[in-house]
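To start, the structure itself, in structure tokens.
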Amino acid sequence: MIYPEHYDVIVVGGGHAGTEAALAPARMGLKTLLLTHNVDTLGQMSCNPAIGGIGKGHLVKEIDAMGGLMAIATDHAGIQFRTLNSSKGPAVRATRAQADRVLYRQSVRTALENQQNLAIFQQEVVDILVENHRASGVVTKMGLTFKAKTVILTAGTFLAGKIHIGLDNYAGGRAGDPAATRLAERLRDLNLRVDRLKTGTPPRLDARTINFEVLAKQPGDEVLPVMSFMGEVGQHPRQIPCYITHTNHQTHDIIRANLDRSPMYTGIIEGIGPRYCPSIEDKVMRFGDRNGHQIYLEPEGLTTIEVYPNGISTSLPFDVQMAIVNSMKGLENTRIIKAGYAIEYDYFDPRDLKPTLETKAIEGLFFAGQINGTTGYEEAAAQGLLAGINAALQVQAKPSWFPTRDVAYTGVLVDDLCTLGTKEPYRVFTSRAEYRLLLREDNADIRLTPIAHQLGLIDEARWQRFNQKMENIERERERLKQIWIHPQSAYVDAVNQLVNSPLTREVNGEDLLRRPEINYAKLTEIAAFAPALDDRQAAEQVEIAIKYQGYIEHQYNEIERHKRHENTLIPAEFDYNKVDSLSNEVRAKLMQHRPISIGQASRISGITPAAISILLVNLKKQGMLKRGEI
């Protein structure tokens, strides 16, 4: 049977990629259908109960700046908020929140059900319809056909998913859910490169059997941050702490003694796991000289006894998992509620995608999330948003849109995937971005909200809030420029108490704020510069824009310089071994290929823009910068 209604966009999968992929075209006014095998797991946090972190928090802010859901859901579900790297520069500061799984899922489902132009249907998809090299719809398990102009596939770990616990394994998309076996078989028939990846999750613990009194407590921030630019602290539920324990020599001995029962170390698992979220088996074998590894005990919610032990992802047999848990301080008598496991699944080479996340082989078919080789809720959601936007633009016969590396971390993510591909689960870090001072959490709305407004992604309330913030920033900067303090001023004593050396010349508010020892809060406590802005976000922007103005201008100049250096020649005698800042991998590839220009070097697989920056700096130091035509 063909379903009587036809759609502009069909989204397959209701995880973090799928929900953002469905909401975006619906907000843009397109008739959208979200298909999921189970409506009760929409927005499910399959692994750790947390959103954000280094690099990941930046993605969440970008999603939010474009009207996405993830940050808003986190503000309503977050039970512990922290600003990571708060003592460091603004480029690497990041917001992270522990989330109540139930509250998060409820928030996501409510948003989906209340979104105009969006329909939801529960049924497993087993086939993608392709006519004349163009996606035209999907077929469900019961033979129901849905027709659409575009299709977005966000299958997560479900494609030919296989769950491993010890030497036993079975088909599954995640614990308790079936694998998408028929859909995986159908996709393998398409002209796309496919491979296998692996990820894992730790056992879940019974909080009633943990001795928290002997463990270090990790509270959230006293001044609570918010995740969304539209968020309010009052939206947060009750806040609770996490706790910290450690593995020890006994733990490591247990693991080493049972590697012959590990599916990873016996060759049963073929897929490659995430480098930056390794299993406890990998940690012990790769870092055997360590006395212990820190394990964070993260509550899964306010109304559950489940605790997530972040740091002991494992696929070892259940009896070994019990021994590992009981070997750690505070967990000597702890019971396991759910076993940890590893899962293998199909992913498709992202080099077969356009930067819009549309497949090159099949027009109108988009991939987003773990199907593209990424790991993490945030990476998936960012891809879902981008795929949803471009599916909608295609239906509207409008030009596609995707951010470049100097505009958003989403641009870094997509450029890395589509240009370099990946052989292991890819995650975002601030270190992957060469212009990270421009890509801060705090200015994601300044970078992206005007674009979102042009695309029709945000409502009038968000647009008005954004414009008010921009006006506040401009007015406050102008106000600080107009307030002058000279050495004979009545306020000079108050100023001199804050600065390292007394004033000897007339300065204005911006001059003072540029000094490292003065921040906006201290400055506006001085009567001459009072009152401070009530708008916390605007106040933060004022301080960063003034204090880092020179560095920010330098990065903009660097972007222009990179564009100019496309045809810059690399001398044949250049010695890459003398460039200590390059990784061994990058150095080896450059020596092997011997590129004749910077542009050519930048297109070698595995040579990152950050490596090109290092190369340019060293060429300049050695007086070797030459321009030429290739």
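Yeah, the Cβs are placed from backbone N, Cα and C, and that goes for glycine too.
As recorded in Swiss-Prot, the features of this protein are as follows:
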type: BINDING; residues: Gly13, Gly14, Gly15, His16, Ala17, Gly18; note: FAD binding site
type: BINDING; residues: 273-287; note: NAD(+) binding site
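If you measure from the Cα atom of Gly13 (FAD binding site) to that of Glu281 (NAD(+) binding site), you get 31 Å. Note on Cys277 (NAD(+) binding site): other Cβ atoms within 10 Å of its Cβ, all shown chains, come to 18. Proximity of Glu281 (NAD(+) binding site) to non-local residues of its own chain (separation of 6 or more, Cβ distance below 8 Å) is seen for Ile255, Leu259, Ser262, Met264, Tyr265, Thr314, Ser315, Leu316, given in sequence order.
A C-beta separation below 8 Å, combined with a sequence spacing of at least six in one chain, links Lys283 (NAD(+) binding site) to Arg290, His293, Gly311. Across the structure, Ser279 (NAD(+) binding site) and His16 (FAD binding site) place their CA atoms 23 angstrom apart. On a Cα basis, Cys277 (NAD(+) binding site) lies 20 Å away from Gly15 (FAD binding site). Annotated pair His16 (FAD binding site) and Cys277 (NAD(+) binding site), C-alpha to C-alpha distance, rounded: 19 Å.
When Cβ neighbours within 10 Å are tallied across all protein chains shown, the highest count among the binding-site residues His16, Arg275 belongs to His16. For the pair Phe287 (NAD(+) binding site) and Ala17 (FAD binding site), the Cα-Cα distance reads 34 Å. Using Cα positions, the member of the binding-site residues Gly14, Ala17, Gly18 nearest to Cys277 (NAD(+) binding site) is identified as Ala17.
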